[in-house]
Amino acid sequence: MLFLYPSSPAGSSSETMDTSVSQSLRPAGAPKVVEDEIDQYLIKQDGKIYRNRDQQLCRHGPLGKCVHCVPLEPFDEDYLNHLEPPVKHMSFHAYIRKLTGGADKGKFVALENISCKIKSGCEGHPPWPEGICTKCQPSAITLNRQKYRHVDNIMFENHTIADRFLDFWRKTGNQHLGYLYGRYTEHKDIPLGIRAEVAAIYEPPQIGTQNSLEILEDPKAEVVDEIAAKLGLRKVGWIFTDLVSEDTRKGTVRYSRNKDTYYLSAEECITAGNFQNQQPNICRLSPDGHFGSKFVTVVATGGPDNQVHFEGYQVSNQCMALVRDECLLPCRDAPELGYAKESSSEQYVPDVFYKDIDKFGNEITQLARPLPVEYLIIDITTTFPKDPVYTFSISQNPFPIENRDVLGETQDFHSLATYLSQNTSSVFLDIISDFHLLLFLVTNEVMPLRDSISLLLEAVRTKNEELAQTWKKSEQWATIEQLCSTVGVQLPGLQEYGAMGGSPHAVSAAMWACQHCTFMNQPGTEHCEMCSLPRT
């Protein structure tokens with residue numbers, strides 16, 4: 001029997017490892033990149049699965065170790081399969097440990113991105129379609145189940161985030177889409193796992209019907225990402241609904257996505273692959289500086305109990321490559337099937353295969369025309385915490401969500417004035433800590449605060465009431481309050497603003513909006529320049 005003596009007490013799974021080895025794993029020629037904070041943290045972790053001494057099988061002293069209690073590696077498949085529920089995919093960092101755990105310590109490890117395009121620069125023959133050779137021809141692709149996943153869990157901070165998103169479907173019956181903003185943290189239920197925590201949902205311009213969604217161009221996308229970054233957040237995924245009401249009296253929905261139909265359609269897989277290609281995962285072991293993606297997909301759909309369930313997915317790196325190089329198409333009449341394009345005079349497409357079991361139980365290789373999309377999908381557990389977390393404050397009368405004009409919910413200074421008048425909390429930070437409100441303050445056309453809101457965003461990020469009060473005394477907020485007062489809603493405490501250290505001149509010198517036509521007039525005028533009606 002083998003006995004080992006650990007250099008540290010058992011049970012300390014958060015021990016750090018020597019990073020001098022891990023930092024030298026970058027392959028020759030790979031660009032120097034700065035990985036995400038969560039990746040830098042997990043690289044330094046020991047990651048081993050420590051086990052207690054087995055009272056029946058272990059025959060050694062308290063300081064000894066044997067095969068029954070020696071720490072396991074984070075990629076141990078037997079351990080992952082015996083978790084409850086079983087884990088089909090090891091974490092990405094556990095996969096890296098497996099690659100770099102041999103005698104060479106990963107000296108020759110390089111995570112190559114799949115390419116489906118002809119290599120450029122081959123001068124031995126005419127360009128495609130006149131010629132091609134083995135040097136420039138991309139290799140055929142055999143689809144396999146990906147053994148790892150870049151994100152191991154998706155967690156919404158609280159139920160309110162999801163409920164407000166679902167309100168659109170409840171009120172219209174149309175499907176809806178949003179982008180998930182949050183952060184990546186350690187998922188301790190899986191060795192070296194990563195969790196995507198969702199703090200807010202941004203809803204871009206879109207056209208939704210009962211059975212389709214069309215994403216429109218969003219001129220504010222760059223600004224939203226900038227504001228989220230200053231709040232300590234980033235775009236971690238996207239969410240869409242696929243809900244059909246079954247019984248309105250019981251509040252049940254149809255259970256339509258299951259093993260007999262599909263979990264993600266081919267079109268949804270292509271969209272997810274496109275999003276993942278736009279948000280690559282920075283990786284030091286890849287010659288390209290990136291490998292895979294942490295961008296997740298969440299579907300709000302009916303579950304086996306006919307209630308709304310949130311299902312999380314990613315598509316594999318092979319699917320990302322097929323989508324990036326425009327080799328994968330959806331089938332018109334079968335949403336569960338994709339189709340690998342055939343080569344044409346404009347594009348060479350490598351052969352794509354998948355393995356299947358025939359009626360005699362033999363493993364056979366099939367050409368991916370058509371292709372069952374379950375070969376491309378990785379499922380991710382989606383959860384809500386027992387103890388809710390609130391990055392942003394929750395109000396009984398929340399500020400309207402952007403791009404919901406079809407519901408009559410508009411973001412303007414009247415809705416802002418109504419929100420401020422209904423939320424009379426003495427803590428200004430609680431009032432202003434609303435993701436959609438902060439976006440409105442930055443993106444509104446009347447008085448955008450993009451260049452002067454950094455202090456407030458820092459206050460919200462750090463939950464610092466003193467910083468929030470400092471920003472409240474600025475001329476920008478005084479002008480915002482004056483604009484709100486012109487729409488006929490008197491804000492509490494506006495008369496005392498000058499006594500709090502603000503600028504009375506900024507209040508009196510602000511532009512005013514006409515109550516009849518909403519035209520913004522210059523200060524000092526008593527009649528609207530557009531409709532000539534009196535100011536009051």
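Using N, Cα and C of the backbone, Cβ positions are placed for all residues, glycine too.
TrEMBL entries are annotated by machine, without manual review.
Annotation comment: TrEMBL describes 9-25 as compositional bias 'Polar residues'.
If you look up TrEMBL, you'll see 154-291 marked as domain 'MPN'.
DSSP places the residues of the domain 'RanBP2-type' (508-536) in helix, strand and coil in these numbers: 1 helix, 6 strand, 22 coil. Feature annotation from TrEMBL assigns domain 'RanBP2-type' to 508-536.
The region 'Disordered' annotation in TrEMBL covers 1-28.
Helix, strand and coil counts from DSSP across the domain 'MPN' (154-291) read 37 helix, 49 strand, 52 coil. On the 0 to 100 pLDDT scale, the model's mean across the domain 'RanBP2-type' (508-536) is 73.
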